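Right, one structure below, let's go through it.
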Amino acid sequence: MATGADVRDILELGGPEGDAASGTISKKDIINPDKKKSKKSSETLTFKRPEGMHREVYALLYSDKKDAPPLLPSDTGQGYRTVKAKLGSKKVRPWKWMPFTNPARKDGAMFFHWRRAAEEGKDYPFARFNKTVQVPVYSEQEYQLYLHDDAWTKAETDHLFDLSRRFDLRFVVIHDRYDHQQFKKRSVEDLKERYYHICAKLANVRAVPGTDLKIPVFDAGHERRRKEQLERLYNRTPEQVAEEEYLLQELRKIEARKKEREKRSQDLQKLITAADTTAEQRRTERKAPKKKLPQKKEAEKPAVPETAGIKFPDFKSAGVTLRSQRMKLPSSVGQKKIKALEQMLLELGVELSPTPTEELVHMFNELRSDLVLLYELKQACANCEYELQMLRHRHEALARAGVLGGPTTPASGPAPAPAEPAVSEPGLGSDPSKDAIIDVVGAPLTPNSRKRRESASSSSSVKKAKKP
């Protein structure tokens, strides 16, 4: 007869010692058996790895319920190695040594190879990769009516089309195998031109009305010019290559200088327009009646370029603002302009931070904007004067050297702005006449380039003066 201990053993239930001794099963043992298992598993002893022992050495110890580590190396698992083929699981397909012919060959040659027995009698599988060009065929009547040419005989035309079929329109091979002894010597372009001319004629004659034609076109003249140009390019000497690189470099410099000059002229035009607009606006304000119409005044205010003067920010947002904030210079004004502006205000005897009343803030901002505009105009004028003076000196130097034809223009009188020659850099081996012809725009006027130009022009004038 089964007791409670036997039932508990069958159900894998472990209760307290009192219950086990009495042989009774409680309700908790039946409803929550997992808790007992987890409690039992948590009671297993765990050994801590001794200090100083490596993890790999400690893993070799037999301290758990797992299998003991093997004493000899074994290869029971597959791991990262390639799975071996399981031979003998299926029946092997038979292979046979059988003959075959290639449909791409026209000589009927017989070959042998190993092939599966099930594929006996089938076509050679690689024959489908043999692509042939469809070369048109013409009759005697079509040749006499449409294809006749005085420079080509019918026998020579037939020979050309026969080689085209044999070598699949590989015209270099056709030209190599062409019979130049029996027929006239032809170039590759002549052969292509004759072939494609006949193809276009036959396509036009045989075309069905109302269908779109794809007529091949070959420009023999363009092909000849292209090959001549490539041959000239290939036969260039190192000196010609160096000269071409020098000319391309000078062309890039000319384009960069031209863009910079255009940009400077646009900036100068903006400054002049801004100055005229400001002066005209002041005259209009003086003549207009003194009525406060702020909205109409802002609407009728002429547009002034942003680069002219100073554009102060407008405080139109809600909230309390200080009037002195309207006198603060924007971040777009550089430190150099700020120092120049302060110097000009000190020379005029104006305070740098006046009392910020409504009228004073408006007039002070206008004064500083006009002073910045004046500063920019002075800079532009100085650049133009410097450039004009440099061009005059160079014109005189070139006139003395005999590069320019005509009398020498004195430096004091007005002189036209000639083409500015480029300063020849050392190592390029260029003469002044070439530089005078190449550089038609002039170099940008930066402080470093000015110093280099002055030194180069002075040294070149001294060298020319020393020559007998």
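A Cβ is built for glycine as well, from the same backbone N, Cα and C atoms used for every other residue.
Nobody curates TrEMBL annotations by hand; they come from automatic prediction.
Feature annotations, courtesy of TrEMBL:
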COMPBIAS  1-11  compositional bias 'Basic and acidic residues'
COMPBIAS  26-48  compositional bias 'Basic and acidic residues'
COMPBIAS  258-267  compositional bias 'Basic and acidic residues'
DOMAIN    124-202  domain 'DAMP1 SANT/Myb-like'
DOMAIN    243-401  domain 'DNA methyltransferase 1-associated 1'
REGION    1-48  region 'Disordered'
REGION    258-305  region 'Disordered'
REGION    403-468  region 'Disordered'
When the compositional bias 'Basic and acidic residues' (1-11) is classified with DSSP, how many of its residues are helical, how many are strand and how many are coil?
7 helix, 0 strand, 4 coil
Where does the mean pLDDT land for the domain 'DAMP1 SANT/Myb-like' (124-202)?
91
What are the DSSP helix, strand and coil residue counts for the domain 'DAMP1 SANT/Myb-like' (124-202)?
48 helix, 2 strand, 29 coil
Helix, strand and coil totals (DSSP H, G, I; E, B; other) for the compositional bias 'Basic and acidic residues' (258-267):
10 helix, 0 strand, 0 coil
